[in-house]
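Novice: Annotations per TrEMBL:
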type	residues	note
BINDING	Gly77, Thr80	Na(+) binding site
TRANSMEM	35-54	transmembrane segment
TRANSMEM	66-87	transmembrane segment
TRANSMEM	99-119	transmembrane segment
Amino acid sequence: MRLHLAIAAGTALGGTLRHLTDALATGPLGLSPQAATLGVNLLGSLLIGLFTGLAGPGGRLRVGAATYQAVVTGLLGGLTTFSLLSLQSLAGALETGPLPALAGLLLHLLAAVAAAALGHAAALRLNRHPSPNTPPRG
């Protein structure tokens, strides 16, 4: 039950951050809804790569299963959005035709995977170079 509550709390926080990020991006920053979705998905992908690399086997972060799932499944799953990307891709296909929409979707997905890889690479580098405040393992 604790695991499910942790995931639910993370999801609530992630969804709220998603909404606030979208409001900031499309309001004061003047970005299009598509750019806001791309930005939040790239940020979420970067963070999920970083966190799973730091908290995974051999990582410098020690977290329990509930915390790990609250962050990965809940917070970052709630922050990023595949369903909205799908809807925006459909709308783009109806407006501009299937090829530009498909190109945008492919770019979005490739950039998100690249961001996750960048985050994971950063985590691996951080794991190899512990900070002076990190207690020794063992």
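Residue numbering: from 1, along the chain as shown.
Using the three backbone atoms N, Cα and C, a Cβ is placed for every residue, glycine included.
TrEMBL: automatically predicted annotations, no manual curation.
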Novice: Run through the Cβ atoms and count how many others sit within 10 Å of the one on Gly77 (Na(+) binding site).
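Specialist: Around the Cβ of Gly77 (Na(+) binding site), 19 other Cβ atoms lie within 10 Å.
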Novice: Residues with Cβ closer than 8 Å to the Cβ of Thr80 (Na(+) binding site), same chain and 6+ apart in sequence?
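Specialist: Listed in sequence order, they are Gly14, Arg18, Val40, Asn41, Gly44, Ser45, Ile48.
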